[in-house]
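Engineer: Please read through the structure below; I'll follow up with questions.
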């Protein structure tokens, strides 16, 4: 059986888009007045629609996105299969029987946006795959000219951008589908429902970003010259400002948990500002801190103390708070004791997987703790133990899927580098620095730009004039000032030959740290080689 071409799929999806606007869902007259859904159960067609759409948007499209980023030859086949599965799933969503839904609803509206993005993505991908700039005749002259090549670059950028934001759009649409299927988030329940799903998705998104930085993003963080807590603190501060002014309807009475939510926003932006300040040392170097982790702990404690109406809701919120506090505590232990304030190198420590996973679990717990969900489960006599274990199981599966995608990316991007790009970055920085040093010559009377000695003492205190040889009594009697050894004589002002800019100090410190990483990896390789030789000798002896 021959798969449909990209151009055929594009035409078919375009037709589907306009058909959906005209038809939408039928059977709205079966929904009782004032209700969101009818009393019938979900039928087989709708279940197939849910399963096929989850397979398409939850698994295949994210996988195709990663394959496209690494320019794998499997990118087009995977995306084609996903588009082919989407077509029958789309029709099943419109032709189902059983449960009907009051219209119009957000899932149907947002489906048009998703479909339009999908049509655009397939069309752009088909155009890029044709390589019209290589065709003969006037087509090649038009698309191979200066304007045509510029247009192709723009299409590549737009195609990549749509592909990268498509997982977020897919996640949103799947949430809308679940909400509409159960008839939730209407009337007075809308506010708390939005808060639960937005905050829960934010925790999961934060966990995914943390997983990306842990497994494949360390080289990028080093290139930015900032610590991860710098970016975390910025997001926390901005989110806190939003929560401070949106959790209460100003001009109206304070109701329910308004004050608690607003105070939580206040502590977020206050702590975020402190985290930004502590993320850089006095010399301008990136520095780790535990402020974002403390914010997570306080947030978990506050959420676990929320007063609830149902015992099931109380238990779910309590475990959610404990999970969030455990994530923050694990982060503090990771930074302070596992990494000892360094930024890590090579393969991540097993402990480092704990924080992002707990953020995944916390997000699912919070999204699954809305008022309507708790009332439905309580009426069905579902215990909190079984419900929480199911939510944790979903978190395990999502963390597995994200790790698989990042493994595919790392295998294609750095096939021979287990440090996930950090060794390559260190060698590149060393080569660039060496070339720059050879190209700059010292001119008498000018500011010295020579290579600074790459030793810890030179990095920490380049201007202190400390003698190299001292008596033991002098060493014991010398005090320490601000972490540095007090000189025997007064510190003298730096001469022109000693003048070094802050940026040069930071670069030298980065190179010193990365060169240490290279030497550690080389030593590990030598140890492995010696172990292999030793095992081989022992094996030869046993054979003899």
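Glycine residues also receive a Cβ, built from the backbone N, Cα and C atoms like all the rest.
What you are looking at is a predicted structure, and each value in this text was computed from that prediction instead of being measured.
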Engineer: Check each of the ranges 142-160, 351-369, 370-388 against TrEMBL and return the one annotated as transmembrane segment.
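Structural biologist: The listed stretch tagged transmembrane segment in TrEMBL is 351-369.
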Engineer: Counting only pairs at least 6 apart in sequence, do the transmembrane segment (194-217) and the transmembrane segment (108-128) share 3+ Cβ pairs under 8 Å?
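Structural biologist: These two segments do not touch.
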Engineer: Taking 3+ C-beta pairs under 8 angstroms (sequence gap of 6 or more) as contact, is the transmembrane segment (48-69) in contact with the transmembrane segment (389-410)?
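Structural biologist: Yes, these stretches are in contact.
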Engineer: Cβ under 8 Å to the transmembrane segment (319-339), counting only same-chain residues 6 or more beyond its ends: which ones?
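Structural biologist: Contacts of the transmembrane segment (319-339) (Cβ under 8 Å, skipping residues fewer than 6 from its ends): 203, 288-290, 292-297, 299-305, 349, 351-352, 354-355, 358-359, 361-362, 365-366, 369, 384, 388.
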Engineer: For the transmembrane segment (290-307), name the stretch out of 76-96, 108-128, 161-182, 229-246 with the most CB-CB pairs under 8 Å.
Structural biologist: 229-246
Engineer: Do at least three C-beta pairs under 8 angstroms join the transmembrane segment (258-278) to the transmembrane segment (351-369), pairs 6 or more apart in sequence?
Structural biologist: no
